[in-house]
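Presented below is the structure to which this report refers.
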């Protein structure tokens, strides 16, 4: 969701990303390539297929004309200008991790955003994969207050799955889509230092972020790489901890002075009425969302997500959005349209 306005007539559209520019613009737009890539990196591009309710020629199922594709691309210009060169931290999880179609959508969105000059950073968890491996090893998964109880054996599996499997798979997918990703965890370059959560006696090796040192990330994003970060880190003694990925994303966004924090979730966003999906709140400030928590309108698993957003905003992040990760190309809808794809929280 952005506050940019365009003079073009409003349309309802969705993006399908493909490779490269030659299907849309005959590779004559160097400004739409990585500005910081060295000469050895190839040029990236994208085309956009629009599915709209008007004009009738599109509604009939005919392929959009080249002119119409260019029109849709030109409507993205104000949003590209607004966010070009800005850091966007995205937390990836939920249904978007288990559906191949949604996973492909997230990856292509990240590549497109990087191609037009944004600086995306991806933070991920991996609950479904962890649960599957625990089941294969006949280790029961246990949760308390939404947090995974993590003993020493479980912690070893969490690290193995998040860092060794999920992270590297995402890096490979992003690379295959045309960008260059670098896989990291909180351990690398002392990016994150963990500490145990207050109720660690009940939860085991579940941690929270004690410190962030983003110096290892800055040269990566400066040179056009997409960092992909697994949400595990160690304390000062070297003990590994499992950290909530929302928390990691929020703390990284704050440390980097990000323009935007985006949490992909399995809900439409923040609802005025939890029982009514049509009551989505498009935009709300910190004061308003705190009042919703007090009134019980924000409850359950949404509370830690909202608090994560509030904390990041209080530390200088411009906006934080909770968006519907079940929707294909929700990242593009959130950043490249006024409508957005969920709820944007402002300071």
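Placed from the backbone N, Cα and C atoms, the Cβ positions cover glycine too.
Here is what Swiss-Prot records for this protein:
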- 94, 95, 265, 266, 271, 297, 298, 299, 300, 301, 302, 303, 304, 305: ATP binding site (BINDING)
- 126, 148, 242, 243, 244, 245: N-acetyl-L-glutamate binding site (BINDING)
- 260, 282, 334, 335, 336, 337, 342: L-arginine binding site (BINDING)
- 51: N-acetylthreonine (MOD_RES)
- 1-50: transit peptide (TRANSIT)
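Comparing C-alpha positions, residue 242 (N-acetyl-L-glutamate binding site) sits nearest to 304 among the binding-site residues 265, 298, 304, 342.
Residue 243 (N-acetyl-L-glutamate binding site) falls within a strand when secondary structure is assigned with DSSP.
Put simply, residue 243 (N-acetyl-L-glutamate binding site) is 21 Å from residue 260 (L-arginine binding site) when counted between their Cα atoms. Around the Cβ of residue 243 (N-acetyl-L-glutamate binding site), the same chain contributes 186, 192, 194, 206, 207, 208, 209, 231, 232, 233, each under 8 angstroms and 6 or more positions distant in sequence. Separating the Cα atoms of residue 300 (ATP binding site) and residue 244 (N-acetyl-L-glutamate binding site) is a whole-number distance of 15 Å. Reported as a whole number, the C-alpha separation between residue 342 (L-arginine binding site) and residue 265 (ATP binding site) equals 9 Å.
Most Cβ neighbours within 10 Å among the binding-site residues 271, 302, 336: this distinction goes to 336.
Sparsest Cβ environment among the binding-site residues 94, 126, 300, 304, 342 (other Cβ atoms counted within 10 Å): 300.
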